[in-house]
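According to Swiss-Prot, the L-serine binding site annotation covers THR231, ALA232, GLU233, GLU285, SER385. What Swiss-Prot records for ARG262, SER263, GLU264, GLU349, ILE350, GLY351, SER352 is ATP binding site, and it gives sequence analysis as the kind of evidence.
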Amino acid sequence: MLDLKYITENIDEVILKLNTRGGDFSHLRQLIDLQEERKSVIKEVEDLKAKRNEYSKEIGELKRQKQDASHVLLKVESIKSDIPALELKLGEIDEKINKELIVLPNIPADDVPVGKDESANIEIKKWGTIRHFDFEVKDHTQLGEALNILDFERATKITGPRFVVDKGLGARLERALINFMIDTHAYTHGYTEIIPPFIVNDKSMYATGQFPKFKEDAFKLEGFDWYLNPTAEVPTINLFRDEIIDNDALPIQYVAYTTAFRSEAGSAGRDTKGILRQHQFNKVELIKFARPEDSEQAHQDMLANSERILQLLNIPYRVVVLSTGDMGFGMSKTYDIEVWLPGQNMYREIGSISNARDFQARRANIRFKRSKDAKTEYVHTLNGSGLAVGRTMIAVLENYQNQDGSITIPEVLKPYMGVEVIK
């Protein structure tokens, strides 16, 4: 959520920057009028309460002097009836303001490229050497089905499209990737490992910015105010909702493994084949809570941590900065890591690393104090894929395939797999 004071004091700049995300935000000028009306009503309430206190003192004095105070009592009663009406009006104004603020996306950072969609994204780095095959390359679906490690037909029978059954060494490979990612982030990069709930409530979804915009993408549990977790970002950010963090505890960084669930309501017809875009998928997520002055460095560190997974797997990738029109709703700046997939002969997203600054912290009311007597401030929150497990599995299968259809296990995964080849 954006700061109302900042919006009203910098309205032209805010509208200009939000417009780069797509759409017209000129209607935000009405927030200035609403804010002024709010201040006026608050002053009116405060003035009436001050008068009520004065009259109460006057009544006390009159009674001590054994004089008639009925005329002053009438004034107090009049004020008592006026204040609730004004407080009701104030509540209505606050509701109007909150309805505007809750649907506003985050303001893009100054160095984010301006553009309407992914075509304006800017590549800033490439890593690794793309392998040149001397045989016809297969995609992960062909490889997985031929090796009997991915079963799409039975998954569709069990549930429906966009699901898969991992079998045998396929299941072991997915588990190996999860453990390898968590071990690397926990032991090498210093993140604290957590396994949060896979079910979250309505407040948690609003706090991180999933709601209201992406409500159609969520799976709701009928009869409950609960939703299946769309990303570990949601439960992990909400660990500190409505809390004040000790300054000495910052920065806080977690690595969280969850299964994620998404309806993919806006993705009809896209990536329907294979495990690239599914309703249920495993994901290792990185989360940081940082002081405002430290969040940019925290963002760079998180990006490097996520990149390290692919470097250790020795799989080519590139990093792009997302444009204003391609960024997520609650993010101020996002890097995408795109892995090379020989089966598609292109780079595909395998993880996003984002800085939300104080946007989520305001929605979730997550604050910190620099000292005992200091005023509270909002923390900055950051999140990143570390990585999407299914897409990493695709990258391993396609980049490490052999002419006979077998898959060579990357060196770093051999201790987890117990075999050197899937065949």
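Think of each number as a place in line: the chain as shown, counted from 1.
Using N, Cα and C of the backbone, Cβ positions are placed for all residues, glycine too.
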Cα proximity to SER352 (ATP binding site), best match among binding-site residues ALA232, GLU233, GLU285, SER385: SER385
Integer Cα-Cα distance in angstrom, ILE350 (ATP binding site) to GLU233 (L-serine binding site): 16
Conformational class of ARG262 (ATP binding site) under the three-state DSSP mapping: coil
Under 8 Å by Cβ from GLU349 (ATP binding site), same chain, sequence gap 6 or more: ASP336, ILE337, GLU338, VAL339, ARG391
Neighbours of THR231, ALA232, GLU233, GLU285, SER385 excl. site residues, C-beta within 8 Å of centre, L-serine: VAL234, THR236, ALA256, THR258, ALA260, LYS283, VAL284, LEU286, ILE287, ASN383, GLY384
Nearest of the binding-site residues (ARG262, SER263, GLU264, GLY351) to GLU285 (L-serine binding site), judged by Cα-Cα distance: GLY351
Per-residue Cβ crowding (10 Å cut-off), top of binding-site residues GLU233, GLU264, GLU285: GLU233
Residues ARG262, SER263, GLU264, GLU349, ILE350, GLY351, SER352 binding ATP per the record - widest CA separation, whole Å: 19
Neighbour-count leader, CB within 10 A, binding-site residues: THR231, SER263: THR231
Site of maximum Cβ density within 10 Å, from binding-site residues SER352, SER385: SER385
THR231 (L-serine binding site) and ARG262 (ATP binding site), Cα-Cα, nearest whole angstrom: 9
Candidate binding-site residues THR231, ALA232, GLU233, pick with smallest Cα gap to SER263 (ATP binding site): THR231
Inter-residue C-alpha distance, SER385 (L-serine binding site) and GLY351 (ATP binding site) (nearest angstrom): 5
Nonlocal residues around ALA232 (L-serine binding site), in sequence order (Cβ under 8 Å, 6 or more apart): PRO196, ALA256, TYR257, THR258, ALA260, LYS283, VAL284, GLU285, ILE287
